[in-house]
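Colleague: Please find one structure pasted underneath; my questions will follow.
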Amino acid sequence: MALRKSSFVPEDLEKPRTRSVLESTENCFDPENHHPPWLQGRPERLCIGAQHPELNGVATPSPDACSQHFCHFTPKCFLTVHRGANGTSVRSTPSHFGEDGWHEGTTKTTIRVENEVEAQREANNYRFGFRKWKGNVTERPIEDRSDIVKELYTDLSLVRPREGSAITVGNIAYVFLFGWWISLFYILICPLMFLTILGAPYGKLCLKMALYLLWPFRKAIEKWFLTPPTSLQCRVSTYVWLLLGYPVLVVVHFLACVLSWLPVFSIPVAKMNFRILTTVLLMAPEEVHIKKQEMVNLLCEIRVTLYCCQAFNMYYYKYTIQGINIFALNLLPLVFMTLVLGYTDHDHIYLNSETMFAIAITSIIPLSYYIGMGIASISAQSNFAVGAVVNATFGSITEITFYITALLRGHHAGTKCYEEIVKAALTGTLLGCILFIPGICMTIGGIKHSEQRFNSRSAGVSSALLFISVGGVFAPTLFSKTFGNLVCESCSNIPGNASVPFTCKDCHYDMVDLNGILPLVYTISVLLPASYLIGLIFTLKTHSHIYDIHISEGHPHASHAVVHWSRWKALAVLIVATALMACCADLCTENIEPILSHSSISQYFIGVTVLAMVPELPEIVNGIQFALQNNISLSLEVGSCIAVQVTMIQIPLLILFNAFYDVGFILVFSDIHLWASIFSVILVNYIFMDGKCDYFQGTALVVVYLILLALYFFAPSPRSC
């Protein structure tokens, strides 16, 4: 049976980890009897063993000590809980248990994580219908993380021996972006301090700091502890400094902190400015001493007041605060700015409608991230039933909020244009999730890993549900084309020449009597969620082995996990983020009207791109991260999960909402949506058949997606717009 791997660890650990897993399995179980004699009749136990040094402490049993271990047999797979190692890893190994307990092509997966909470999060990632979440929901000890990540959290007071030159592109860019104007303020304040006479010591400090800030790299600021001065002159000079010099520099460094923090990659500059503002400038001027690197002892690590070696670090996209990614944290002020301007500047004095729409739709991105993290946090700390309910209710809240807001706006305005935009957004989400997300993940992952394998059986379940959902969603459209009336806006012919046929424009099929199609729509709105429920039962209960995941309890003596968000905190974040999402969606629909009315771009294109894919950006990032770590199975499940939820949950919810509050939403799509969706589902099912992929197949999916976008771009706008 073939070996399938999906790894969360560096490549240099792949072989020893795989070998130890195989060795431990072969020594703990007899391939012929499927269990050792002493475990006959005992179906499930956990295999916990000694630590292999080459695995940095990963708990796996050694061949020599197998008899001393508590062994585990299961016809599914292992999920081994490990604490304090190299993060999370997924390992698949061939089955040794024969065909009776295993289906053909099924493999055993071993997942190594830090604690039970992370084990539950990883298990939820493999469950059908659950949102896939890459980030940790518990705190990870900094000593267990990679050197690259450790560097991001390094204190600026630590001096380490470093190789290479300080003259880098990033450091040179610092001089032009920050260094010169910060130094200029110090130079301007310097003579002011000398003019006061009493502030002359601080004038010297300003001169030293001006030279330092122009090029601060590989220089250390040390504090020399002197005898505390008692003279009145020293105390007066401090008052002069705090009155005339320090307030100006507070503004300067605060501005530098903000400007360098927001781009993320220049956060080292922000940290340096904050340390200068809160520590260096409050020291006595005689205590501040600056040394170059060659004057510092580099044989070992030492502590100083401030030391900066680089202005930019491209790995800061991994930086988190309380488990929150730095990009989501930096975009949070944009949300509040959007709400303040959106609900106060009704006359668009400060921002026009197009700009307001742009910042409102961008504000949805961090809110979608917080909703995803809240769902993952609650699901990882709860049982399956609670996790399933949370994923079903909040998993589609982003899109549902926008769709309902747009339908209400169109209903109150008396136009069907908003309904067409909602249908375009629904189709765009479907196309993006079954073409673009798998395609971009296959492409990026395939560049790093020449060929990636995934669970074809689990992908087949999602593909079957996609066929069912697309057939159900577009059944009313086919019904209207078969039994509806062909309606044309205008028809003409050449007078007196009966041989020339009529020329008609803007023809479409219309259901004059909605009572003929509404029963079909309501029937489908019941059958689609029922199919979704059957899929849940099939994948999570009766045939859960196809996902190769089994949850074990973990080591009973391990340390307690410290979660970033408790269940109540995560629930509060979900509620607040949902409320803010509703407000941002309302501002989007309010300010999109000028774009729909005066834009030269087809409204179809706006719906299938901006409105459909911007809220899914956090999911796209998750999928790409899974692919880079050679876990393409989860990358594909990211898109499939969203696509199935769109068709089997979101659309039935919109039909249910329309049944109670008639906003004119009819489940009849344009021809372009119908054929694009059907073609995409057929194509992606063809790609998923063999259980393996590479960057060429991913590129093919992306190119097809771009072709469809070009089709929407050049298509005429809907009649109602």
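Cβ coordinates are placed from backbone N, Cα and C, and glycine is handled just like the others.
Automatic prediction, not curation, is the source of TrEMBL annotations.
The following feature annotations were taken from TrEMBL:
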type     : residues : note
DOMAIN   : 169-219  : domain 'Inner membrane component'
DOMAIN   : 356-474  : domain 'Sodium/calcium exchanger membrane region'
DOMAIN   : 570-712  : domain 'Sodium/calcium exchanger membrane region'
REGION   : 1-35     : region 'Disordered'
TRANSMEM : 172-198  : transmembrane segment
TRANSMEM : 241-265  : transmembrane segment
TRANSMEM : 324-343  : transmembrane segment
TRANSMEM : 355-372  : transmembrane segment
TRANSMEM : 384-404  : transmembrane segment
TRANSMEM : 424-447  : transmembrane segment
TRANSMEM : 459-479  : transmembrane segment
TRANSMEM : 520-540  : transmembrane segment
TRANSMEM : 634-657  : transmembrane segment
TRANSMEM : 663-688  : transmembrane segment
TRANSMEM : 695-715  : transmembrane segment
Colleague: Give residue numbers and ranges for long-range contacts of the transmembrane segment (520-540): same chain, 6 or more residues beyond its ends, CB-CB under 8 A.
Modeller: 127-129, 384, 388, 458, 461, 465, 468-469, 472-473, 475-476, 479, 546-547, 644, 647-649, 651-652, 655-656, 659, 666-667
Colleague: Taking residues 6+ outside the transmembrane segment (241-265), which of them lie with a CB under 8 Å of any CB in it?
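Modeller: Same-chain residues near the transmembrane segment (241-265) but 6 or more away: 178, 182, 185-186, 189, 192-193, 196, 199, 202, 206, 273-274, 276-277, 281, 312-314, 316-317, 319, 326-327, 330.
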Colleague: Any chance you could find the range in 324-343, 355-372, 384-404, 459-479, 634-657 with the most Cβ pairs under 8 Å to the transmembrane segment (663-688)?
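Modeller: Between the stretches 324-343, 355-372, 384-404, 459-479, 634-657, 459-479 has the largest tally.
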Colleague: Restricting to CB pairs under 8 Å, which listed stretch, 172-198, 384-404, 634-657, is in contact most with the transmembrane segment (424-447)?
Modeller: 634-657
Colleague: Per DSSP, what is the residue tally for the domain 'Sodium/calcium exchanger membrane region' (356-474) in helix, strand and coil?
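Modeller: Helix/strand/coil tally for the domain 'Sodium/calcium exchanger membrane region' (356-474): 103 helix, 2 strand, 14 coil.
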Colleague: Which sequence positions outside the transmembrane segment (384-404), separated from its termini by at least 6 residues, show Cβ-Cβ distances below 8 Å to it?
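Modeller: Sequence-distant neighbours of the transmembrane segment (384-404): 124, 129-131, 364, 367-368, 371, 374-375, 378, 422, 425-426, 429, 536, 540, 574, 578, 581-582, 585, 588-589, 611, 615, 645-646, 649-650, 653-654, 657.
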Colleague: For a three-state summary based on DSSP, what are the helix, strand and coil counts in the domain 'Inner membrane component' (169-219)?
Modeller: 42 helix, 2 strand, 7 coil
